[in-house]
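Following: one structure in structure tokens, then a few remarks.
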Amino acid sequence: MARIVMKFGGTSVADLARIHNVARHVKREVDAGHEVAVVVSAMSGKTNELVGWVQGMPKATGANSPFFDAREYDAIVASGEQVTSGLLSIALQSMGVNARSWQGWQIPIRTDGAHGAARIAEIDGSFLIKRFGEGQVAVIAGFQGLAPDNRISTLGRGGSDTSAVAIAAAVKADRCDIYTDVDGVYTTDPRIEPKARRLDRISFEEMLEMASLGSKVLQVRSVELAMVHKVRTFVRSSFEDPDAPGMGDLLNPPGTLICDEDEIVEQEVVTGIAYAKDEAQISLRRVADRPGVAAGIFGPLAEANINVDMIVQNISEDGKFTDMTFTVPSGDVAKALNVLEKGKATVGFDVLQHDEGMSKVSVIGIGMRSHAGVAATAFRALSEKGINIRAITTSEIKISILIDGAYTELAVRTLHSVYGLDKH
Ligand code: ADP
Ligand code: ASP
Ligand code: MG
């Protein structure tokens, strides 16, 4: 007997027929004698609809923030998961499975107070372990928790993955299965490169890079938690026949295992290609070249919660002035420009320029640690396609390249093929 946490994403619970199919996956594991807890997302499109409603509301009068009340945002957008947890419980009950829905606050899943993007602080596993003891399948609403102010919080978009891994860690589950609309983690997003290959295994570190550089198949935080707590996490498909051969395999279910690097026998130099659209580039021209300038620029941006990514500072020709260029998500451009204009007198720069519609494509692989020339190959391949490189950042296991957004798909396919990742 094993203890398994099963998570089903939005497309997996998109309608009643799919919820019924999900119930069959759950029943398969229950019938095999396992202890099962389930985490569900909202029906696909539901969270977007709820967010849209919030954004359509007028701002509070006199409020000096351009944003809506994050506590009410959470109260509204957390509701999608409440519906699917109830529906799946009913579907399970109709199949004779003892199931009960639980909201984040009922367990409780405690989070910090960052409404809208909360982090899980603590889950007392004993609540769920008691349910296992009663033979009950707890169907838990993902994406939500209870903030210190005793109000519902949400974990940021895609947060149900994180709910599932955190719960798996709290109950010391043998496995956490993330069921989605693809049958595993691919060498790149299969939606834009049909030649992408499914990986049998990927290391925590590579998955962390893939997720943080744009592969939305797992929320970044879920991979961090899986890595820290050593949760055996599989990404697999909910669309396959729940009773097909091998689906109930305990050690090797179909899908991709996220695991320690030393569990991977054949390590390629490059494992995958990720991309993130909607990046914007901001440049400050003729900034005084003196100590403290970078802190003067990026300090206030950080205080405004703006996520600055690639930073390029030109070498000053005359020792007096330099140019500073960096990227932020497109959605943060207006806020960033506002912060920078306010600081103009203190920082001192001539012109502020910005370009939206950029994309960041990234090449990821642990094998890069011990292989030279990986970056040069990418630069050559992109130049042969006439794609201009605007900025580059590297780490031990990744290279990220900023390009014009119109070339995203071409760049991803080009890099995917140049490293031999296409399926044969
Ligand atoms: P869910 O609703 O189940 O959480 P998501 O839409 O969040 O599903 O994540 C699954 C999607 O992630 C896939 O449909 C796929 O298009 C996308 N994706 C991006 N990069 C990858 C990748 N490297 N491997 C697999 N899927 C990827
Ligand atoms: N329903 C939430 C979202 O769409 C959480 C999730 O699906 O993981 O972001
Ligand atoms: Mg998701």
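Quick reminder: no glycine exception, Cβ is built from N, Cα and C everywhere.
Annotations in TrEMBL come from automatic prediction, not curation.
In TrEMBL this protein carries:
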type	residues	note
BINDING	Lys7, Phe8, Gly9, Gly10, Thr180, Asp181, Tyr186, Arg191, Lys216, Val217	ATP binding site
BINDING	Thr47, Glu81	substrate binding site
DOMAIN	282-357	domain 'ACT'
DOMAIN	363-424	domain 'ACT'
Query raised in the report: Those binding-site residues, Thr47, Glu81, Lys216: which ones have a Cβ sitting under 6 Å from ligand 1?
Result: Lys216
**Report entry** Stretch-averaged pLDDT - the domain 'ACT' (363-424)
**Finding:** 95
Query raised in the report: To the nearest whole angstrom, what is the C-alpha distance linking Lys216 (ATP binding site) and Thr47 (substrate binding site)?
Result: 15
Report task. Tell me the Cβ contacts of Gly9 (ATP binding site) under 8 Å, same chain only and six or more apart in sequence, or just say none. Result -> Ser41, Ser44, Ser160, Asp161, Ile178, Tyr179, Thr180, Asp181, Ser238
Query raised in the report: What residues, ordered by sequence, lie under 8 A Cβ-to-Cβ from Glu81 (substrate binding site) and sit at least six positions away in the same chain?
Result: Val40, Ser41, Ala42, Gln103, Ala141, Gly142, Phe143, Gln144, Ser160
Requested in this report: For the domain 'ACT' (363-424), give the DSSP counts of helix residues, strand residues and coil residues.
Outcome: 30 helix, 14 strand, 18 coil
Report summary line: Across Lys7, Lys216, listed as binding-site residues, the smallest other-CB tally within 10 A is for Lys216
**Report entry** Nonlocal neighbours by CB distance (under 8 Å) for Thr47 (substrate binding site), same chain, sequence gap 6 or more
**Finding:** Gly10, Ser41, Val77, Gly80, Phe143, Arg157
**Report entry** Packing count at Thr180 (ATP binding site) (other Cβ atoms within 10 Å of its Cβ)
**Finding:** 24
Requested in this report: Around ligand 3, within a Cβ distance of under 6 Å, which of the binding-site residues Lys7, Gly9, Glu81, Tyr186 show up?
Outcome: Gly9
Query raised in the report: ligand 2 is in the model; which of the binding-site residues Lys7, Thr47, Thr180, Tyr186, Lys216 have a C-beta less than 6 angstroms from one of its atoms?
Result: Thr47
Requested in this report: Work out, from DSSP, the number of helix, strand and coil residues along the domain 'ACT' (282-357).
Outcome: 28 helix, 26 strand, 22 coil
**Report entry** Cβ-Cβ neighbours of Tyr186 (ATP binding site) (radius 10 Å)
**Finding:** 26
**Report entry** Secondary structure at Thr180 (ATP binding site), reduced by DSSP to three states
**Finding:** strand
